[in-house]
Amino acid sequence: MRLNAMVVALCVVSLGLHLALVRRAKPEKQEDAVSVAWRSPGVPGEGGEGGVRRASKWSRRLSWSPRPPRNATRKWLPELGGVCGPPSDVEPLPFETLPDARRRARVEEGPRKKKKKNRPKGMRRRLLSTFTLPVGCAPLVRRRTRRDADDDDAPIVGECDLATCLPNLFVVGVSKAGTTTLFEALVAHPRVVAMFSEPFTHGETHVFTDPRSDRESAMRALKRTTPMSRDFLRRAAPGTPWRLDEANDGPLYVLEYTPHYIVLPAVRRRVCGALAIGGVDCGDAKFAFMLRDPARRALSQWIMKTHMRVPRYNDPRSFDEAVAFGMERATNYARCWDVAANETSNLDDLRLEKNRRTVATLAQRCAPKRFEPNLFQAYVLKSAYYYQLLPWLAPLDAPTKSAAVVVLEHFVDDPTEFIRLLAFLGLTPSVFDDIHALVSARHNPARDGGLNTLTPAQKLTLDDFFRPYNRKLDTLVAPLLGRAATGYPT
């Protein structure tokens, strides 16, 4: 009995001590002073919740990605379009930046031993020349541990090993139209830099898919861009404030590829807002659209959704059932545009350059998601290209300079289509040995199990349904095609 009583007493005492420790008053956390070097550029001189306080951990460990300080707010952004200073000690100093033979020997011999009256350790880095980064680019330094510093909390400024830039080339659609082949062909060019893609997406980034603030979108894009070396950018820099497409030896492009963007009209506003944060004009960006025969594209998407490896995403409907259901949804989608524009009989005469506000309003009122909640199974609606291209092309001041439309059937059979796209971007095709093999490769084929064919009845039904939309499409994209029409049934 005594032993049991002692065990109970010990348990009670332990529980009481535990509760006392948990409920004890915790000392208030003392906030550090605001760090001037990492203050948010959007709120200069502002502390409290809007500014960025001291970030000693971030100053000790610097990474490839422009990661904010540990207690930064959502308003924080790295310095965009600034000066790229000397590289850090981690990166070997390139010879082309050291014209003096004495400095080259110093690099070959390694750092000298510390002697009395010797120059500080960082003096050698100051000998390197600085240059101006492109507009919309942020400097980066390599990941390292900060040592041999007088003040551990003092941020390192003026160093630049790499740079990350906002995208200026967008492949935005359409799905199952050969966009992966176009993406692989573009990134094969040495003047095109790809972004880090989402897993299992064949290069798709989806940076602007979800609604975010412009600052969050810009920061997300900077983190997803493949960094470029300082030597590469230094050779490309003209010397004055410049854009990537104004680089020496030809333009440079950071490619953002997500074919699902074309059915999300709000994405264009998010893209332009993020570019504006970096000081880039949305009119300077390039947009590429790839189209495919509407009926065959619808079948290809249905095959992909019915043969996916994830069962919950599979579509149990047959193709005929999905088409009948989708035609009704697509008709309502097109009627919304026609009725709202008050031109139900002829929408081809809509003057895009004089009705941008009207088109933007219609894009919100007649968004595809209002008529097809599951856009990943919108087989017919996604083939109505005219109404999807309208919100993207209407706000452009010069569509022929900012947008290009490519037809898959022409792209695969005629290598000059890809050459025309390269000419639109200002890139030279001479870097490719075999353009035909490059553009005819299939990188993301549908696993159809032998079902990738339309019956004559199915083809006739879909062609008749898309004829009025294809006629409007030819009128809209003829200046951007390089030919009179797409060649689809009208």
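Even glycines carry a Cβ here, placed using N, Cα and C.
Residues annotated as signal peptide in TrEMBL: 1-24.
Positions annotated as region 'Disordered' by TrEMBL: 30-54 (among others).
The region 'Disordered' annotation in TrEMBL covers 87-123 (among others).
Annotation source TrEMBL lists compositional bias 'Basic and acidic residues' at 99-111.
The compositional bias 'Basic residues' annotation in TrEMBL covers 112-123.
Mapped onto three states, the DSSP output places Lys176 (active site, for sulfotransferase activity) in coil. Every protein chain shown contributes to the tally, and the Cβ of Lys176 (active site, for sulfotransferase activity) ends up with 24 other Cβ atoms within 10 Å. The feature active site, for sulfotransferase activity is assigned by TrEMBL to Lys176.
Neighbour count (other Cβ atoms within 10 Å of the Cβ, all protein chains): 24 for Arg292 (3'-phosphoadenylyl sulfate binding site). Per TrEMBL, 3'-phosphoadenylyl sulfate binding site is recorded for Arg292, Ser300.
The DSSP secondary structure for Ser300 (3'-phosphoadenylyl sulfate binding site) is helix. Ser300 (3'-phosphoadenylyl sulfate binding site) and Lys176 (active site, for sulfotransferase activity) are 6 Å apart (CA-CA, integer value). Taking all protein chains in view, 21 other C-beta atoms sit within 10 angstroms of the C-beta of Ser300 (3'-phosphoadenylyl sulfate binding site).
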